[in-house]
């Protein structure tokens, strides 16, 4: 025994001796390339909405002249797509539970393709409205399914980064729409033909999207709900950061789906009520638990405030806003809108890299604070411009600067986090329908804002409208501070533990110690982000 002690003692000393490499910071895990590819392809469906929003801001100028429309009809034409998309988003929840997340994206692309062609060939206002209806249904499908699929294939370490992709592609679509406006405004007859090219060209990306979606794997969570464990395990192996994480994710999903942990067959039988969403509305609305009620309030609330704070009014009517600021040339107005789209796209890209480093709450609260300041300043500047007869160059520059600051503030937090947060907080069985409810509120609010902005501006002035949006943003800041806990680094199956009360600091603490060492690094990171100390 003595000899054993002598021989082991030096080895212990040797093991505790540290060299310089021991003090190097730990190496970061590389992003999972397969989940990155899946998230990118899925999120491309969001281009459809972005393109429509961007292109209508310029096309409406020429449509108004071509069909001799009033401001009221233009308001309805521009904003009605948001209400039409409710049909798509409501149907997408059930459709995605029935045929899967992947084929639901194909449905979205096909419907939008038909809508884009109908709008491009419209001969009158009624025909154009019908095209808007068809395109709106396709947009509703795309809006709901892209963030759900992306959240379900993403590992916890990069879920914020990946689930912000739909908002990235919405912004890319807006920029493409603005560029399309500027380009097709140069055709020989922009009033009668330019806007047709602007709207009809939207059919092209939908064909591309319908094809590439077919090469993607199905969501592992949907596969588990169908009892196809073997296929789900293969997808999880590819989309997880390690084999151990894949096993943990599979076990969590099986537990949420009501499948015994010891059941490891490739195909298993799953209760019918768990496969296609039956009974979900009862759990979500009629008899929700305290946690589910809190989740629903958070998911719906963040969607409401995203739109109620005026982003679609700025994006859709930016040429009108710049006209109020003193820019009268159509060419200059369209160029200014391209700048808006460029700034939105740049800052949304910045946000994607910050979501999993800084966390949802800090980015969201900072973003809304920037929106409040820029909206208030914009309202004040437009009021000054409205009350003077001469052109004030400083006010014009400040107005344009505040529009750009507003869209930058929105894009770095409120824009992407809305989709990230609402797609990750709902429990597995409630996710599709819960997310579709958030999208429905998002589209209704957007529709109301976009269909009333011109009338609101006439009633209380354009500056007054932005003061109203600033007041709504202030309410939003307090709601987010009170009701939204940090979700950074949590697996989707852990989310429910964060909710159930509105004291966000204490909400994070139990969840941070819930899991064992299998994902302990993630939980410690979350605790640190939320300011928890042991």
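Cβ atoms here come from the backbone N, Cα and C positions, even for glycine.
Keep in mind that TrEMBL annotations are predicted by a computer and have not been checked by a curator.
Values in this document were obtained by computation on a predicted structure and should not be read as measured data.
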Transmembrane segment range according to TrEMBL, out of 286-310, 361-385: 361-385
Correct range for transmembrane segment (source TrEMBL, candidates 242-271, 392-421, 422-451): 392-421
Candidate ranges 3-23, 129-149 [criterion: TrEMBL lists as transmembrane segment]: 129-149
For the transmembrane segment (195-216), sequence-distant contacts whose Cβ falls under 8 Å of one of its Cβ atoms, 6 or more beyond its ends: 38, 41-42, 44-45, 47-48, 51-52, 55-56, 58-59, 62-63, 66, 102, 105-106, 109-110, 112-113, 116-117, 119-122, 131, 135, 138, 177, 180-181, 184, 187
Residues from the same chain, set at least six apart from the ends of the transmembrane segment (74-93), whose C-beta lies under 8 A from its own: 49, 52, 56-57, 60, 63-64, 104, 108, 111, 125, 128-129, 132-133, 135-145, 277, 312, 316, 432-433, 435-436, 439-440, 443-444, 446-455
Long-range Cβ neighbours of the transmembrane segment (105-123) (under 8 Å; 6 or more residues past either end): 42, 45, 48, 88, 92, 95, 99, 130-139, 141-142, 145-146, 149, 196-197, 199-203, 206-207, 209-210, 213-214
Candidate ranges 161-183, 361-385, 392-421 - greatest C-beta contact count to the transmembrane segment (459-480) (under 8 angstroms): 361-385
